[in-house]
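Right, one structure below, let's go through it.
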Amino acid sequence: MQLPSPPPQAQRPSQLNAPPKQAARCLRVLVLTMHIIVAMYLVMWATLLQTALDADLVSVRVYQPLVTSVVYVITATLHLYAVYSVVVSECKQRPLSQKVGPSIDVIAPQSRIAFFDLDNWYDHSIILFNLIEIACASTQATTMFRTIVEPAKVVSYAVVVVLYIVLSPLILFVRNTQAKTSLVNVADSILSFTLSCGHPFAAVVFQLSDYVLVHPALEHDNLWSTQTLVLTRQLLPSTFVHLCSILGLHVGTYLALRRVMNTSHHIHLALTAVTEKKPPVAPVTRTRTARVKQTLHLLVHASRSSLQDQLKLSRKKRLLLRVNLVVNMTLGMASIVVITR
């Protein structure tokens, strides 16, 4: 005789919130890792610039070694401070996650209008940020085309630049503001990290790994010595414009990582605001739930008066996004033409 199967148990809100919590935790780990790698990379170059001989600096053609070292140390300090702030905020958020109690956030009509204005200004700032970073990355890629003789390093860097140029404006067409913000922040942080530190750091590691681990006699190889010298000239600024482009990429990486951390913080706050519903529901809870539904219904009716203004803003936004897409596609096609040449 087959026994009846027990009814499926309903999942608790804490179980439903487990994937978003894991995503927020993964974002924090990713941000910490990127901050630490960029800080180590900048400190490494600043140390080498201060300990290298004058003859080596002349052969590498570094632009103002002392100024470059100071700029690198300041940027590395910003990343280390970001790591410290992430750790401190993580320690402060742990007691907040143990709070139990109903928490319901209601957005007023004025806040909704301000939110739409903030969303439009956010898109404008992202477009400006993308154009500045594209200009810095294009300058860096152009310098690589003129100096580096290894096609693999040049093509791989240029491919990342083209991907950033083509994909960055497409994310802004996402209608869901929260999803768009998360996608923009994560994509910008990964691509900015790759352009400013990931690709150069990987080039240095690959170049030195053969010498340290495989062939210690490569220091007598003229080809390897020339490739290392050219790579060092590329990774260190040789002119003021080159220094500004490298600094722009590092500042863009720092801002993108900070935006990812803010996204993770907002996800954490949204999850801690959700509390478990315990059956049976008390009459007071029912009364409060009905009250909240009535308030939200009134807010929806109150916000309909600003619908035409929101549609006008959305038309302006669509026009601006199309212009940004056309500009980025043009730059992407120009970069592809340069690569194929």
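Keep in mind that glycine also has a Cβ here, set from the backbone N, Cα and C atoms.
Sequence annotations record features per position, and here TrEMBL assigns transmembrane segment to 29-49 (among others). Within the chain carrying the transmembrane segment (29-49), a Cβ under 8 angstroms from the stretch's Cβ atoms is held by residues 57, 62, 65, 68-69, 72-73, 75-76, 79-80, 82-83, 86-87, 189, 193, 196-198, 200-201, 235-236, 250, 253-254, 257, 260-261, 264, all 6 or more beyond its ends.
The transmembrane segment annotation in TrEMBL covers 69-89 (among others).
Sequence annotations record features per position, and here TrEMBL assigns transmembrane segment to 154-174 (among others).
Sequence-distant contacts of the transmembrane segment (239-257), counting only residues of its own chain at least 6 positions beyond either end whose CB sits under 8 Å from a CB of the stretch, comprise 31, 34-35, 38, 42, 63-64, 67-68, 71, 75, 78-79, 82, 129, 132-133, 135-137, 139-140, 143, 185, 188-189, 192-193, 195-197. Marked as transmembrane segment by TrEMBL: 239-257 (among others).
As annotated by TrEMBL, transmembrane segment applies to 319-339 (among others).
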